[in-house]
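Peer 1: Handing you this structure, nothing more for now.
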Amino acid sequence: MMWKNIAGLSKAAAAARTHGSRRCFSTAIPGPCIVHKRGADILHDPWFNKDTGFPLTERDRLGIRGLLPPRVMTCVQQCDRFIESFRSLENNTKGEPENVVALAKWRMLNRLHDRNETLYYRVLIDNIKDFAPIIYTPTVGLVCQNYSGLYRRPRGMYFSAKDKGEMMSMIYNWPAPQVDMIVITDGSRILGLGDLGVQGIGIPIGKLDMYVAAAGINPQRVLPIMLDVGTNNEKLLQNDLYLGVRQPRLEGEEYLEIIDEFMEAAFTRWPKAVVQFEDFQAKWAFGTLERYRKKFCMFNDDVQGTAGVALAGLLGTVRAQGRPISDFVNQKIVVVGAGSAGLGVTKMAVQAVARMAGISESEATKNFYLIDKDGLVTTERTKLDPGAVLFAKNPAEIREGASIVEVVKKVRPHVLLGLSGVGGIFNEEVLKAMRESDSCKPAIFAMSNPTLNAECTAADAFKHAGGNIVFASGSPFENVELENGKVGHVNQANNMYLFPGIGLGTLLSGARIVTDGMLQAASECLASYMTDEEVQKGILYPSINNIRHITAEVGAAVLRAAVTDDIAEGHGDVGPKDLSHMSKEDTVNYITRNMWFPVYSPLVHEK
């Protein structure tokens, strides 16, 4: 079983990293690209514009000689030039409010994105640790809050309640003939910020930036989608700058009819595409997942991606205690937050326990405690969310509605995991109570995004819960210097470690649907990535600098699971039989060979 092989796989992963045996991209000279634009038009097309990177002969062919400064720069030189300007911006904004600086950085990157996509993604890949927090969490939350004011040019597609009956034709307005990856939101629950309506489009854009940078999906084959069915955010409805439909959200069948129509339209035009649902409110996150997962190739990142990343971290905490992975069945876990992410994490963890112990999922819930805004969920609760019913405890064990600190003191859990979206809810009293945990190395996961919504900071966790804890968060925090001179390692338990690999592996396997087996394979692969030595130090997740290698490994694991589940139909010239005959190393090599890398293609004009 996978669980028994994690230590061995960790050593193999470490060896691969140490000896550099695999490269996650190709820098071979690409073939020519046919374009139908010339002159200034080509300079205004971010897919093909090279700025000062056009060779002189190409400038002649495309009629742009004299429209650019005479010096020809390589992509590397252009990257260096951009980074120099970016560092200058950092120096010039020192002392400014954090939000002001974050938005200034985002604007600078966004202007490059709008002008030259190849250079944008080269800069992003080469500086992923610095720039991921700007184009993705946590800055993307700030961008969404201000998107109507920040909007300058369109990116992605918008399908609204006013477009009912027109989507099958609208989908052909997208200029790219092929789309591989779609990320869609309805804006109803953007990170921990609530209903942001049409302004939630920033989330699909940021997610797809990570698909390109981490998974090597060709940027000309990605599509951000905003389904605007209205908003219940009165502040937005009263804002004259708001760019969305100014009406309350559609509900019930009216809502589902809009999403049904979009899904039919998208898969009619691009039947091989993979669709990722993102930041839907809990009832629709679960509802649409169950509605579409067996019909279309789709998954929900909040429910399944977050769960996979959390499960990988939870398995790591067992290893950090010096215990075998099989001891996960004995871990007591308190989950704070019963939304789509919280329930998704709890469900996947329970499934893992059931699988390990050979028991039913109902029996496997014994050591899981779910807390929502009304306290501990028990069988006394009325109007309980259907997804939470399985985890309701007997009130004879702990009273209905018990607070977090009550539950922690009573249960003495090995893990306290937060997906509540409530900043600071793990206060000093709660964190100090974790000192009495039954674990020799208690784990605290503050996974809510953005940073202001994190259940606690890393500094507070190590200060109040003790220096021997394992800490993970959804947004980035700096490592903490402890009083004994050691370092309290901060792990970013972010979905970026999984969703790019899930999407890439699904795409290259040609899977008809995304199965639980594929998702579990992704999680187990991530769990096995770190060495025992790293885990003993409290390091559960790898450096984001290795994101392309991580994604290749996860993608290969997903592909192999698709083959095992007999749903892989192949991709391009690689058929299902070819996939089934691939070794583990073959699948990783196959994945890496198909990862796009930003280099300038020679452009050839045709009328």
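Don't overthink the numbers, they just go from 1 along the chain as shown.
Glycine residues also receive a Cβ, built from the backbone N, Cα and C atoms like all the rest.
Per Swiss-Prot, the features are:
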type     : residues               : note
TRANSIT  : 1-32                   : transit peptide
ACT_SITE : Tyr136                 : active site, proton donor
BINDING  : Arg189, Asp302, Asn449 : NAD(+) binding site
ACT_SITE : Lys207                 : active site, proton acceptor
BINDING  : Glu278, Asp279, Asp302 : divalent metal cation binding site
SITE     : Asp302                 : site 'Important for activity'
Peer 1: Is it possible to get the count of other C-beta atoms within 10 angstroms of the C-beta of Asp302 (NAD(+) binding site)?
Peer 2: 29
Peer 1: By Cβ count within 10 Å, point out the most packed of the recorded positions listed: Arg189, Lys207.
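Peer 2: The residue with the densest Cβ neighbourhood is Lys207.
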Peer 1: Whole-number answer please: how many Å between the C-alpha atoms of Tyr136 (active site, proton donor) and Asp279 (divalent metal cation binding site)?
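Peer 2: Tyr136 (active site, proton donor) and Asp279 (divalent metal cation binding site) have their Cα atoms 14 Å apart.
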Peer 1: So for Tyr136 (active site, proton donor), how many other CB atoms are inside 10 Å of its CB?
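Peer 2: The answer is 24.
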Peer 1: For the NAD(+) site as recorded (Arg189, Asp302, Asn449), determine the largest distance between any two Cα atoms, in Å, rounded to the nearest integer.
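Peer 2: That value is 12 Å for the farthest Cα pair.
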Peer 1: Same chain, not part of Arg189, Asp302, Asn449: whose C-beta falls within 8 angstroms of the C-beta centre of the NAD(+) site? Give them in sequence order.
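Peer 2: For the NAD(+) site the neighbour list reads Ile190, Leu191, Gly192, Glu278, Asp279, Thr306, Gly339, Ser340, Ala341, Gly421.
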Peer 1: Using all protein chains in view, find how many other C-beta atoms are within 10 Å of the C-beta of Asn449 (NAD(+) binding site).
Peer 2: 25
Peer 1: Are any of Arg189, Asp279, Asp302, Asn449 (the binding-site residues) within 10 Å of the residue listed as 'active site, proton acceptor' when you go C-alpha to C-alpha, and if so which?
Peer 2: none
Peer 1: For the recorded divalent metal cation site, enumerate neighbouring residues of the same chain (Cβ within 8 Å of the Cβ centroid of Glu278, Asp279, Asp302, site residues themselves excluded), in sequence order.
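Peer 2: After dropping the recorded site residues, what remains is Thr185, Arg189, Ile190, Ile203, Phe277, Phe280, Ala285, Asn300, Asp301, Ser340.
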Peer 1: C-alpha of Asn449 (NAD(+) binding site) to C-alpha of Glu278 (divalent metal cation binding site): distance in Å?
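Peer 2: Pair distance, Cα basis, whole Å: 14 Å.
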Peer 1: Roughly how many Å separate the Cα of Arg189 (NAD(+) binding site) from that of Glu278 (divalent metal cation binding site), to the nearest whole number?
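Peer 2: With distance taken Cα to Cα, Glu278 (divalent metal cation binding site) is 9 Å from Arg189 (NAD(+) binding site).
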Peer 1: How far is it from Asp279 (divalent metal cation binding site) to Asp302 (NAD(+) binding site), counting Cα to Cα, in Å?
Peer 2: 7
Peer 1: Do you know offhand how many angstrom separate Glu278 (divalent metal cation binding site) and Asp302 (NAD(+) binding site) by C-alpha?
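Peer 2: Checking the Cα atoms of Glu278 (divalent metal cation binding site) and Asp302 (NAD(+) binding site) gives a distance of 6 Å.
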